Amino acid sequence: MDGKSRGQVAGGIVKGEMYSSNLKGFILAMVSSAFIGSSFIIKKKGLRKAGVNGPRASSGGYGYLLEPLWWVGMLTMIIGEISNFVAYIYAPAVLVTPLGALSIIVSAVLAHFMLKEKLQKMGMLGCLLCIVGSTIIVLHAPEERSISSVEEIWEFATQPAFLLYTASAIATALVLILYCAPRYGQTNIIVYIGICSVIGSLTVMSIKAIGIAIKLTLEGTNQAKYFQTWIFAM
């Protein structure tokens with residue numbers, strides 16, 4: 001076998017491994033969305049049940065902590081989040097993150113049947129857009145290059161463009177937390193969604209880095225010796 005043939009075989013093996021890895025990440029992300037979407041409904045039912053016997057959580061009550069159904073919902077969410085974390089180890093973030101939108105579909109459908117919260121036409125349109133958007137991004141997700149250490153991720157994370165984005169994201173989050181939340185947080189859900197989304201855009205990258213660090217460490221290349229690993233962990 002000549003050099004060109006060996007190269008083609010090696011390339012085919014690498015692509016096959018990458019496809020298998022992406023498929024694992026895809027399946028885990030789907031499972032994660034199902035568990036997380038279900039957890040919202042289970043916890044909501046637990047909150048409703050707890051609110052019948054005491055002050056509601058929205059009024060400062062803590063009775064839901066004694067409600068087993070609420071804890072079932074919390075456990076379901078934890079399982080979903082663990083699945084989501086593992087998905088980042090196998091697949092590119094650009095493939096896993098959009099699939100998180102499917103939890104919205106699961107929540108909307110279950111809320112319609114289990115909580116009797118009627119899904120309006122605009123809600124249906126929103127669900128459809130989530131599906132279309134997630135599908136388009138997943139189908140066009142770029143192939144992930146092989147990364148041999150957390151130091152490589154650190155090089156990308158310390159580029160001027162990303163540092164500028166990080167500073168902007170933190171500044172925006174602080175404004176939302178310190179100024180907007182106390183004034184408008186109880187009346188406008190966009191405030192807390194904004195905080196979650198802005199900070200989430202940074203934590204996704206850290207989760208990806210820690211996932212790769214765990215994977216490489218298990219394969220025999222210890223990543224705990226790099227200070228960058230601990231910065232991503234924090």
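Just so you know, glycine gets a Cβ as well, placed from its N, Cα and C.
Here the structure is a predicted model, which means the values were calculated and not measured.
Per TrEMBL, the features are:
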TRANSMEM  25-42  transmembrane segment
TRANSMEM  62-79  transmembrane segment
TRANSMEM  85-110  transmembrane segment
TRANSMEM  122-142  transmembrane segment
TRANSMEM  162-182  transmembrane segment
TRANSMEM  189-214  transmembrane segment
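Ranking 25-42, 85-110, 162-182, 189-214 by CB pairs under 8 A with the transmembrane segment (62-79) puts 25-42 at the top. If you look at the transmembrane segment (162-182), the same-chain residues 6 or more away from its ends with a CB under 8 A from one of its CBs are 156, 191-192, 194-195, 198-199, 201-202.
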